[in-house]
Amino acid sequence: MLVWLAEHLVKYYSGFNVFSYLTFRAIVSLLTALFISLWMGPRMIAHLQKLSFGQVVRNDGPESHFSKRGTPTMGGIMILTAIVISVLLWAYPSNPYVWCVLVVLVGYGVIGFVDDYRKVVRKDTKGLIARWKYFWMSVIALGVAFALYLAGKDTPATQLVVPFFKDVMPQLGLFYILLAYFVIVGTGNAVNLTDGLDGLAIMPTVFVAGGFALVAWATGNMNFASYLHIPYLRHAGELVIVCTAIVGAGLGFLWFNTYPAQVFMGDVGSLALGGALGIIAVLLRQEFLLVIMGGVFVVETLSVILQVGSFKLRGQRIFRMAPIHHHYELKGWPEPRVIVRFWIISLMLVLIGLATLKVR
């Protein structure tokens, strides 16, 4: 929005030309989202407390979590607000990739909001019925994936980039829709499962979004895309603005979500952020890179799948509790130790993922 305004004002003052620089807009996008989150935080927490929108804690969970009962939840609203405002201010509104991310972000946020509302207001511990949650998540994911396929079939936009191989980029055809669906829905649920400890989900999200900001910049730059042997996508550059907005909003939220948390993001935040990371990976043709950089989310999800599968097939559990972060809690690890070690692992995985862009 401000970019368009600056383009009209540059003829009166050349200084407005700075708005055309992607790096400048990326920095101010991050700062805008950060300041909005920091400003909204105390007000959001006070309002949630007034409404008695407190966290519901499982009775079969770790005893250390019982003290979290009643902590304000649905703080993801401030994350989404900060991201959307920042992106609308600093990204080119004509860019289709930006709108794809916003559709998934807001759509999944609405689904998460309904789920949280049923839990905290109606006191329904199960929240939104699972089949309806997955139905609406699927509708959004398939809708966006199908639109992208129609717009980009037979172009690099529907190729699959395989790490470590320069020239292995098969054209997916209709399988692109199926892959995009699983990546978007899967990542949304993976971040949701990870969001079980104070700050555990938000920092890996920040790391992955920061990594994708670099990838988006390279993918939208013809010279760097050619140098790294990745598809050049002319709309990809504006995703840098989206990614830095996620980083800024995430850091602002972490200010209040760090141990001991003053507020939780709830499903409204975790589903939305996960869906956003998923669609960004799809748009950049870096689904494999998401698996590497988002390895913490992958392991958390696999731990749940293995736990459920093992119990149904053998009647035995692999972990003391799933997702796996609860396993380490029950082993005696203090919550801050689990959180920080998962952060360190996440940062390492993002760096490894970025390195794969060159190791080909």
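Any Cβ shown, glycine's included, is placed from N, Cα and C.
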Val3 vs Phe164, same side of the membrane according to Swiss-Prot: yes
Two-stretch contact, the transmembrane segment (19-45) and the transmembrane segment (134-156), at least three Cβ pairs under 8 Å: no
Seg_contact(the transmembrane segment (342-357), the transmembrane segment (174-188)) with at least 3 CB pairs under 8 angstroms, min sep 6: no
Interface-richest range of 134-156, 200-220, 239-251 toward the transmembrane segment (77-90), CB pairs under 8 Å: 239-251
Cβ-Cβ under 8 Å with the topological domain 'Periplasmic' (157-173): same-chain residues at least 6 beyond its ends: 148-149, 151, 179, 229-231, 233, 285-289, 292, 356, 359-360
